[in-house]
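Student: Once you've had a glance at the structure underneath, I'll fire off some questions.
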């Protein structure tokens, strides 16, 4: 099965959903060798992944994941594919606290660093959040503080079979794309940053196929997998079953352009202190970056009627100290749940 799939993809032929599901099942059940996984992932990346191939893979990964039950109709996740090589601070992690403080249920799904200096799990841990939670404990966090964090390796244990091949390859593969698509809480809304402009519409289509109701798939034209403040951003928005494509400019929202250097992060300690300063009200380029992305999260989470309204609400909750409160609530509760 694996040899045929590799051969087909090398010849730049797309796989049908059933074929892709069979390949992913084999990988997730440890039935495929590392060299086969590496060969397949490389060939697939060179061919370019289709909506069908990505959807099929996400379905298999979701079926193998531990489940988190969230009874909120507008729960969201904020994360990107990573792989933009930009080494910015953890923008989507800061955004999660702001959106939750604005009343959006945020169930964040993340990992330690893969392609950056510091992943969301690294920075949350440095901030004092206990990331080692069971599905039930994450559910408790969501019920009590309106947000929770799922540490990907704990919830996607079958991923361990692909880990060695991915590490040895060291390049972006379909797994970078799959991370944000396999949230164990099956959230209904997503702001999803992608590392490649050509992926915005593809990923919006995949979100629709997976049953997501509201989504903004974004790619900064400076290469960032976020809505950027250094230039314009391409957006594919999923709403009411329809996908619309457009470009936004931060200046439309009275946000001045920022230099990319102003968005630089560092290790977990540095990024934790950046996030802390932002939720404490520090102004400047980093705050503006969080505002525009949190605005999108608040809009997608149905707590604002437009991106502008979302941005205004984001500024309000930071300035009122509510985002800092949300961070402290998650730290306190997650530590109390330690077993």
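Every residue gets a Cβ built from N, Cα and C, even glycine.
Not measured: the values here are computed from a predicted model.
Swiss-Prot lists 80, 83-84, 88, 90-93, 108-116, 120 with the feature 5-phospho-alpha-D-ribose 1-diphosphate binding site. Annotation comment: Swiss-Prot describes 80, 111 as anthranilate 1 binding site, evidence class sequence analysis. The annotation Mg(2+) 1 binding site is assigned in Swiss-Prot to 92, 226. For 166, the entry in Swiss-Prot reads anthranilate 2 binding site. Annotated Mg(2+) 2 binding site per Swiss-Prot: 225, 226, in sequence order.
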Student: Please report the DSSP secondary structure of residue 166 (anthranilate 2 binding site), reduced to three states.
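Tutor: Looking at the DSSP assignment, residue 166 (anthranilate 2 binding site) belongs to a helix.
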Student: Between 80, 88, 112, 226, which of the binding-site residues has the fewest other CB atoms within 10 angstroms in the structure shown?
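Tutor: Candidates: the binding-site residues 80, 88, 112, 226. Fewest Cβ atoms within 10 Å: 112.
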Student: Looking at Cβ-Cβ distances, which residues of the chain lie under 8 angstroms from residue 111 (anthranilate 1 binding site) while being 6 or more apart from it?
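Tutor: When sequence neighbours closer than 6 are ignored, residue 111 (anthranilate 1 binding site) has 119, 120, 121, 151, 152, 153, 179 within Cβ distance under 8 Å.
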Student: Could you state the CA-to-CA distance between residue 80 (5-phospho-alpha-D-ribose 1-diphosphate binding site) and residue 166 (anthranilate 2 binding site) to the nearest Å?
Tutor: 18
Student: What same-chain residues, at least 6 away in sequence, bring their CB to under 8 Å of the CB of residue 109 (5-phospho-alpha-D-ribose 1-diphosphate binding site)?
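Tutor: Once residues fewer than 6 apart are set aside, residue 109 (5-phospho-alpha-D-ribose 1-diphosphate binding site) is near 77, 79, 149, 150, 152, 155, 179, 180, 182, 183, 184, 185.
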Student: Quick check: in three-state DSSP terms, what is residue 92 (5-phospho-alpha-D-ribose 1-diphosphate binding site)?
Tutor: helix
